[in-house]
Amino acid sequence: MSWRWALARRVAALGATSGGGDGATAQAQRLFSSAAALLGRHPPPPSPPHYQIRSKVVGCRGATFVSSRWLHDAQYQVRQDGLSRSEEQQDPFELVADELSLLANRLRSMVAAEVPKLASAAEYFFKVGAEGKRFRPTVLLLMASALKFPLSDSTEVGVLTILANKLRTRQQNIAEITEMIHVASLLHDDVLDDADTRRGVSSLNCIMGNKLSVLAGDFLLSRACVALAALGNTEVVSLMATAVEHLVTGETMQISTSREQRRSMDYYLQKTYYKTASLISNSCKAVAILAGHTADVSMLAYEYGRNLGLAFQLIDDVLDFTGTSASLGKGSLTDIRHGIITAPMLYAMEEFPQLHEVVDRGFDNPANVELALDYLQKSRGIEKTKELAREHANRAIKAIEALPDSDDEDVLTSRRALIDITERVITRTK
C-alpha cells in the first residue's frame, strides 16, 4: 500500500474514533473518500448530503481541511461585517504575492524546451517583466483560500496539515495550467489579429514570426495537458479541456460572423463567454472540485468566474474606445479596425439604426471608422456597456457572498479580496 493510501486511511480512522455508531462509520467513509480524491484516487462511495442554511450554500463532498466537529455537523456563522466592503482592504495581489513568485518560477521551468528557439519563444511572456498582472492565477489562489476549511485543534493536526498542503499544491497546479492555456491563446490570437504589441512590449509574432508563435502556443498547450493529466482527476481534466475547446470556438465565432450575427448582442455575449470567461470560470470550478466541495459550492465558484470574466471583457471593450495605446499595452481602436463589433457599438446601433449601414460597409476605409465613432460618441453605448459590466460584477459578488459560512479570518480575507478584484475590474482604466 502506498503512503498516499495509508494517509487517506489514517484520516478515515480519525473520523471513526471521533464518535461511535453507524454515524461515525459513515463519516469515516466520507472522509476516506475525500482524502482519496485529494490524493488523485476516485473510489465510488455515495456522495454525502449537502445542507442549506438560509440563503447560503453549505456542504462538501468530504472534508479536506477538517474541523473538530468533522465539518458536516458544523455550521459556521459569517460575521455580519465579515464581507463588508467598507473595511480597509488589503491589496488582493499582495495577499498571494509569495505564491505568485513561486508559480512564476515553476512556470518558467515548465516551459523549458529542448530546441533553443522554441524555448525562447515559449518563455517569452513568462520572463520577469513580461508576465503581466497574473490576474488569473491571483483569482484562483484567492478562490482556493476562500473555499478552504479550518484545521482542527486535535493532536492529529499534523496529518491534516499534510493533506492541506497537498491540496494547495494541486490548486496551484490549476493556476499554472490556466496561465499556460491563457498565454497560448494570446500567442495564437496575436497571429490571427496580426498584432504588433502585447502587454506593452512587441508581440512574439512581430519578433519571431507567425510560424514560431503558433508552435510556441501549441507547445504551451501540450505542457498544460501534461500537467493536467498529472492531477489524475477526470472531472477537472474534462473542465479544462472544455475551456480550451471554448477558446477555439470563440475565436472561430469572431472570424466567421454573418451580418446578422455581428448585430446580435446574444451572439456577442456567447462569443465573449467562450473567448474570455470560460477559462477562468471552469478553473474556479476545478479549484472547488479538488477541495471536495458539493456541486452547489462548485457552481458558485464557477458563477463567480463566469461573471467576473464577462465583466472584465465588457470593460476591455470600453477601454478599446476610451483608452490609449500606452495605457492598454496594445493599440487602441483595435477591434473596430479589425471589423470586430463589441458591446459599445452594438448599443450605439440600437440607438442609431443608420449605423447598421456603416458597419455593413466594413472599416477598411478610415472614413467609416470616424463615422462609426461619431455615432458612438452621440450614443449611450459606452455607458450602457459599463452598466452591463456592473450587473455581471454584482452577480460575481453575490456568488462569493453565498459561499458556505466560515469564521476563519483567512477565508474571509480572501473572499473580501475576490470582491475587491471584482470592483477593480469594472473601475480600471487600463
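Placed from the backbone N, Cα and C atoms, the Cβ positions cover glycine too.
Annotated in Swiss-Prot:
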- 1-31: transit peptide (TRANSIT)
- K133, R136, H182, R199: isopentenyl diphosphate binding site (BINDING)
- D189, D193: Mg(2+) 1 binding site (BINDING)
- D189, D193: Mg(2+) 2 binding site (BINDING)
- R198, K275, T276, Q313, K330: all-trans-polyprenyl diphosphate binding site (BINDING)
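Where Swiss-Prot records a feature, it is marked here on the structure.
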residue	record	Cβ within 10 Å
K133	isopentenyl diphosphate binding site	11
R136	isopentenyl diphosphate binding site	22
H182	isopentenyl diphosphate binding site	23
D189	Mg(2+) 1 binding site	19
D193	Mg(2+) 1 binding site	21
R198	all-trans-polyprenyl diphosphate binding site	23
K275	all-trans-polyprenyl diphosphate binding site	21
T276	all-trans-polyprenyl diphosphate binding site	24
Q313	all-trans-polyprenyl diphosphate binding site	23
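Nearest by CA distance to K133 (isopentenyl diphosphate binding site), out of the binding-site residues D189, R198, T276, is R198. The two recorded residues, R136 (isopentenyl diphosphate binding site) and T276 (all-trans-polyprenyl diphosphate binding site), have Cα atoms 11 Å apart. Within 10 Å of the Cα of T276 (all-trans-polyprenyl diphosphate binding site), the following binding-site residues from the list H182, D189, D193 place their own Cα: H182.
Taking the Cα atom of each, D189 (Mg(2+) 1 binding site) and R198 (all-trans-polyprenyl diphosphate binding site) are about 11 angstrom apart. You'll find the Cα of R198 (all-trans-polyprenyl diphosphate binding site) roughly 13 Å from the Cα of H182 (isopentenyl diphosphate binding site). With respect to their backbone Cα atoms, D193 (Mg(2+) 1 binding site) and Q313 (all-trans-polyprenyl diphosphate binding site) stand 17 Å from each other.
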